[in-house]
Amino acid sequence: MSRSRLSSSDGEKNKKELKVNKKISIIETYNNHEKYDLLKNVFLKSQNVFVGNQDDGFKGSLKNLIENIKVPTPPIMSELLLYKEILYDSGDFETLWYESSRHIKYCQVVEGEGTRLSKPFITLMNIQSLFQIRNCFKKGVILLDSTVNSYKDLIDNVTNVCRQRNIIDDEECTLLRSIFSAPKYHFVNNKLRYIDRDSRYSGNNEAKFIDSSDDDGSIKEELDERVSLKDDKEEDDRFMSKLQPNTESSIIMCGVVRRLTHPVCIFVRLKTKTQFYPEIPSHPVPTRFVFILLTPNENYKHELLYIGRTLCALLADDIFKNVVYNCTTNSIICEAIDEFVSQIISIPPKQLNIYNTRLDPIEDKSIEGRKIGIAALNEEDDDNEIFEDYENNMDNIDMSLDYQLIRTGKIFGGLVKDIKRKSPNFFSDFSDFFKGRFGQSLASTFFIFFAALTSALTFGAVMEIALNKEMAAIENILACAICGVIFGLLSGQPLNILTATGPTLAFETIIFSFSKTHNWDFLPFRFWVGLSIAIYLTIFIAFDLCTLVSLITRYTEEAFTILIGIVFILQALKDLIAIGHSYPIQKNIHQIFESPCLCNLTGTTLIHKLKKVKNFDPSSCLAIGGQPHGLMCDYKPDIFLFSIILTSITVFIAYLLTALRHSNFFSSKIRQSLSDFNIVIAITVSTILSIVVGLDVPTLKIPETFKPTKDRSWIINPLIFDTYETYLYAGLLGICYSILIMLDQQITSAIINKKDHLLRKGNGYHLDLIIVAVLIVICATFGLPFYIANTVISLMHVESLKIYTTCNAPGEKAQLLGIKEQRLTSIIPHIIIGFSVSLTAIIKLVPLPVLIGVFLYMGIISLSSLQFVQRLRLFFIPIKHQPDLPWLRNMPMYRVHLFTVTQIVCLTGLFLVKYNKTTSMIFPLMIVLIIIIRLTILKVLFKERELLSLDGNPPKLKEILQPKTALDIIEERMKYSMMKRSGSKDSLKLPNSNTNLNLL
């Protein structure tokens, strides 16, 4: 019994000792992990994250650091390399590094058995990897401003520091050196490949390739495949050309090394960017950061992959990149990670798979720029007063605060300022034609030539009928050449293209009817009308009234653009229908064959009696003096239908190539070239098709002799009237016509000069108008039509000269840099048009339906980008299927529809006035009425924030007419800019009906 009791007590004692030893072991293990295991420590200990918005927290320290940065931080390209150990069946052992993904702005994964990069996507992160990275920066080895000259020096520096800090022993130090020296397979030329540095420079072009799809990670040595150094150089140049010039790289090296006893983490920021190529990275991008993370095992699946991608996403963030680039301690890096955590957006569990889900990049203009910390909340702010599209609707306020549009209070003060502003750029306006992509300038020149020539000949044909041949094609060609060259050479905005327009044609018809009613000669009477127009425009310019253009908002711009665009479409369809009348579709084909083409030769020198020859060619009959008759003479089958096909093909090709610029097909250079030459390609393809088919399609009717349509001299004699009544009526008609010209010219200029186009050389509203006034006098003297700015062709001119960024991160859309502002794309086409009479044989190769297609394309494309068209489509889209547009978030749907209805009513009135012969004379006043409606009635119907969201908020008339000095405008702009940056409630309300701009 005693023995049993003793053994029992000993057993209990041993159990207690085991429990104590187990607790001690757990504590020692925990302490060991806390000291060495940077990754597992996150799961064993609670994590504190500071996400507050106090200035005495991370927000203040990060803000102070970033505000003191004097040199902009360069872009960072991150490359993630994963380590792999391979044990073959033969017992051989091999190690390697391979590129897993590349991050420039978005993530691209190497996939497809190592033969391609994935489509760019937004990096998804889990919270564990963020905490683990923060712990790595908190307790890992951080080497800031390290100086090394080569990759070998980097290896030596890293291993020596780790050994000195007793993080690794001598054996592990040797192990790390061998691991870092392992071959690195980079994604180059659509393959994961490794080229030894020695072989690269010694001329040995043999390369190793890895097939990333192999489960065992086996390496296939393709000794029969030779990699050309020339191909490498071309690939490097191609890749580097897509990066910004000052781009630097960061290398993230992660791997599982089972021979290690604990994780090892090192972060190195080099003092100067250093070239480690070809070891790292895949292309000759100088390296600034190196992050190394090695661990004996993973705590969860794909742990190192998530950590590596998360760090790449951190380095792509503007705030973290600035901090890690300029910090002096590792503690502020941890604060930057906390700040990053405070900004991330969480997704509920099981909604997305972090490993397989790939979110496409979204370009949302309403997203604000990156700020430090969460936005401060002001309880006094009314959410209804805040709307996301505010920044995109301040064009009118910016325009009213523009020193280029101030009233000087001096006679011709605005004109003098325009000349002073434009003269320094005069020579660059010519040299810039040859800068950048010359093909773009050439394509724009071809486009303007065909567009302006087609417009001149089209309106010439209409004028020939409407004005009883007082003016026709030859007068329009000469006016186009003279006005185009002079305006392109001397104007303030040479991107505007002058042509005859629908409204000016209507006024020419009114003047013609008025002169015939009073039995006056049309052209001499028209001279006095033109002279009065020039006088009125000069008075308008003298008092700087061009500043009234600030009253023109999107509401008016869209109404005028829609009018001109529909006029283009209707004119194209009218010309196409005219072809149908000339070559009608015969429903009863038997009648045609029953009425053959006969040639009457009566009265000719060949036969002095009636004789009919069947199946005669009409042209041959006319050549011998006969008269063809019969239905077969005029029958040309399929002309009208083939004309419709040619027009449709031209529109389709031009539109398709325009859309190609922003698609994913082909390389960026091919897309740009095809998009630049879209009109030229469309015309060429359609013309070749017409020639191949061989049908007798109508062509442009170009005059073959350089003389007026009517038998008159080129110079008009205006001194043939005896009564002053003529001059009085001419002055009255000139008032309405000058209002039309002023509005047409100024609205088009306002559309071209709007802030979205990022013009650099300034505008010249006064200078443009004085040049137009001079041209009107010249055209009136020679009996030529008056040419003013054409909204549609001018917009297309600007579109053809847009310059986009070429250094775009994968997944990032090209951003508009500006417009190629120069004069030659306007001058050269009009010079060629002036000589078009001599080029008749060449120009007639282009069928008329093809040029009708160009007209139709310009009309359609000018309407497609209007907000009015977007709002019009919403009438037919159920609310649940409507697109997510910023201005739809800010107001009820019925209010959007009401705004659209008011615009439809104004447009209807505009068309009724224009196309009614009795009211067409007051058409300019209708445009003025639309501006007044926008400034008065709409302010009653809609709230200020609704108008600002949909249209913009123009300044008050009193403020526009008040003379200002340049210093006044600079002061107002500074105050306005400060309020915009502050994002205060007051800034969102400026300017309103009770606030003038002097109080800004």
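The backbone N, Cα and C atoms fix where each Cβ goes, glycine too.
Not measured: the values here are computed from a predicted model.
Record features (TrEMBL):
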DOMAIN    84-352  domain 'Band 3 cytoplasmic'
DOMAIN    410-953  domain 'Bicarbonate transporter-like transmembrane'
TRANSMEM  445-467  transmembrane segment
TRANSMEM  473-490  transmembrane segment
TRANSMEM  527-552  transmembrane segment
TRANSMEM  559-579  transmembrane segment
TRANSMEM  639-657  transmembrane segment
TRANSMEM  677-695  transmembrane segment
TRANSMEM  727-744  transmembrane segment
TRANSMEM  765-788  transmembrane segment
TRANSMEM  848-869  transmembrane segment
TRANSMEM  896-915  transmembrane segment
TRANSMEM  921-942  transmembrane segment
REGION    980-1000  region 'Disordered'
COMPBIAS  990-1000  compositional bias 'Polar residues'
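Counting Cβ pairs under 8 Å to the transmembrane segment (473-490), the top-ranked stretch among 527-552, 559-579, 765-788 is 765-788. A contact between the transmembrane segment (639-657) and the transmembrane segment (848-869) is present, since 3 or more of their C-beta pairs, 6 or more residues apart, lie under 8 Å. Tertiary neighbourhood of the transmembrane segment (921-942): same-chain residues 503, 506-507, 510, 551-553, 555-556, 559-560, 736-737, 739-740, 743, 747, 895, 898-899, 902, 906, 909-910, 913-914, 950-951, 954, 957, 993, selected by CB-CB distance under 8 Å and a gap of 6+ residues from either end. Within the chain carrying the transmembrane segment (848-869), a Cβ under 8 angstroms from the stretch's Cβ atoms is held by residues 450-451, 454-455, 458, 554, 558, 561-562, 564-569, 571-573, 575-576, 579, 642-644, 646-651, 654-655, 658, 679, 682-683, 686-687, 690, 697-700, 791-793, 795-796, 799, 887, 900, 903, 950, all 6 or more beyond its ends. Sequence-distant contacts of the transmembrane segment (896-915), counting only residues of its own chain at least 6 positions beyond either end whose CB sits under 8 Å from a CB of the stretch, comprise 502-503, 506, 555, 558-559, 562-563, 566, 868, 871-872, 874-875, 887-888, 922-923, 926-927, 929-930, 933, 937-938, 941-942, 946, 950-951.
Mean predicted confidence for the domain 'Band 3 cytoplasmic' (84-352): the pLDDT average there is 80.
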